[in-house]
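What follows is a single structure, written as structure tokens, with notes after it.
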Amino acid sequence: MFLYIFDLLGTAIFAVSGVSMAFRLKMDAVGVLVLASVVAIGGGTIRDLILDAPVFWLTDNNYIWIVVATCALMIAFIKKPTRIPWYVLPVSDAVGLAVFTVIGAEKALHYGFSPTVAVLMGTLTGCGGGAIRDVLAGQIPFIFQKEIYASACIIGGSVYCLLDYSHLPRVINILVAAGVVLAIRLTAIKWQLSLPTFSK
Amino acid sequence: MFLYIFDLLGTAIFAVSGVSMAFRLKMDAVGVLVLASVVAIGGGTIRDLILDAPVFWLTDNNYIWIVVATCALMIAFIKKPTRIPWYVLPVSDAVGLAVFTVIGAEKALHYGFSPTVAVLMGTLTGCGGGAIRDVLAGQIPFIFQKEIYASACIIGGSVYCLLDYSHLPRVINILVAAGVVLAIRLTAIKWQLSLPTFSK
Amino acid sequence: MFLYIFDLLGTAIFAVSGVSMAFRLKMDAVGVLVLASVVAIGGGTIRDLILDAPVFWLTDNNYIWIVVATCALMIAFIKKPTRIPWYVLPVSDAVGLAVFTVIGAEKALHYGFSPTVAVLMGTLTGCGGGAIRDVLAGQIPFIFQKEIYASACIIGGSVYCLLDYSHLPRVINILVAAGVVLAIRLTAIKWQLSLPTFSK
């Protein structure tokens, strides 16, 4: 139940990130909807296909409706998209990333796969939607150009897998691991931290 | 039976749209084949993966051969690709869009999913192949830059779901819903209609 | 057993091609890892999803670890990425292409699908990972712009399907078909052979 609300929240927040990007690219209402859907449910869809789990939004349409509602609310209440402060996109993205990383890792463990797969699925759930969004928008994905990004997912996913061996309540594990991802991302955004690259 | 022929027809027509794009980008024969395949079977493939249905062209190879035949015919008979009139690409695209939207929605309902999912699957089947084609060709997908496009699928898919409650023969439902998509798209192409965007 | 080692080898080699591309694009360690993973396991993942086979690296994590090890080794031992000779990327790509084409075709036949599907799956396994790599890197995929590429897969896959009717040991079939793909690609690279395009 807690995980479910947490998941719907992540979906809404990732949809916000999709809508912000669509506004920035001056798309119409349907473009907004498509981009928001891709960010919000794209990563989890690929995860479920790979895990051979039923795709999560097929039987529970709440995920779809929360994306539609987020788009409608943002279109209705934001008269001037350019007035969205610059940090809305990266911060909402960071929160969504934290939530989805943990949910992805949790689902893989729940289906009986190894921690290695769980870390990978966490990263995929977190970064997948955003990567498809960027590719559709004609940009090189976030994960390749931004400050510490996918690495936050890898660390957060690993933390969750470690905590999973503990006897703590799962809610604690989820919040701690999501907190780790969020803290890393926000720190990276604030001080523009990047990993060293291999140029020359 | 009717639906099957309708589907093969849509496949051939979408392949035409892929070939036209490949000609325009001066690709070789294999590029033509790959791009035609992606447009013609890409959207339906993603749909089947998500619905967890057997991918439609795995057991019935006619879909593959009709794409190959379309490519071979177009390569053989069109000496000067640049002579393809400009409207062939958008109009063939519109017909394919209409056919595939209805087939996608029909399949989702047939598998017992909600109308919400059916509208989504119709849009995905219709727009998915073209979106992958555009991404592979290094362009921002049609759906984000063209006149009313994905919206035609959303409306057509909704019409099909509504008609599905009626007691009309399914052939009628299919033709009406496909006609709606086609009419919207052709009108939009002719008068270059677009939805309002959210620029400034 | 032979096929398994062959497959792990192809994975490592394709990872090298992903790492080389990531170095060239001046990515950080995680970018290197993501791009290497996409090239090395992307094509096979899509193949398994379409064939409805369990995704190969879910239960056997060796594939993931070999990608991680390849990345670590290349990062550790290559001080100046720009010193990687130009031919490392195309040649490692050609070897990976040969291995994966045969493995993709073999798996499709093993699952009881037609030679048509097998040729397609061989091409997809061989070219899929590289195509996703190029799209993520913001480039038009190799298959559309390079010398004879996907055609090598189509021919190699067809050769494998033909050999499959023979009573030769499977190891021979695999090596011959992979040799055909490799020979075509290396010849094409060396003399920059291309198929004719349909420009004007």
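Backbone N, Cα and C define each Cβ position, glycine as well.
Look at TrEMBL and you will find C:4-77 (among others) tagged as domain 'Glycine transporter'. Across the residues of the domain 'Glycine transporter' (C:4-77), the predicted structure has a mean pLDDT of 90.
Residues 31-32, 35-41, 62-63, 66-67, 69-71, 74-75, 78, 81-82, 84, 88-89, 92-93, 95-96, 99-100, 103, 129-130, 133, 137, 174 of the same chain lie 6 or more positions beyond the ends of the transmembrane segment (C:6-23) yet place their CB under 8 Å from a CB of it. Positions annotated as transmembrane segment by TrEMBL: C:6-23 (among others).
According to TrEMBL, the transmembrane segment annotation covers C:30-50 (among others).
Long-range contacts of the transmembrane segment (C:62-79) within the same chain: residues 8, 11-12, 15-16, 19, 23, 29, 32-33, 36-37, 40-41, 56, each at least 6 residues beyond the stretch ends and with a Cβ under 8 Å from a Cβ of the stretch. Per TrEMBL, the feature transmembrane segment maps to C:62-79 (among others).
Among the features that TrEMBL reports, transmembrane segment is placed at C:86-105 (among others).
The domain 'Glycine transporter' annotation in TrEMBL covers C:91-163 (among others).
Taken from TrEMBL, the feature transmembrane segment covers C:171-191 (among others).
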Against which stretches of its own chain does the transmembrane segment (C:30-50) lie, if we need a Cβ under 8 Å and a gap of at least six residues from its ends?
11-12, 14-19, 21-23, 56-57, 63-64, 66-68, 70-71, 74-75, 96, 100, 103-104, 107-108, 121, 124-130, 132-133, 136-137
Please list, for the domain 'Glycine transporter' (C:91-163), how many residues fall into helix, strand and coil according to DSSP.
60 helix, 0 strand, 13 coil
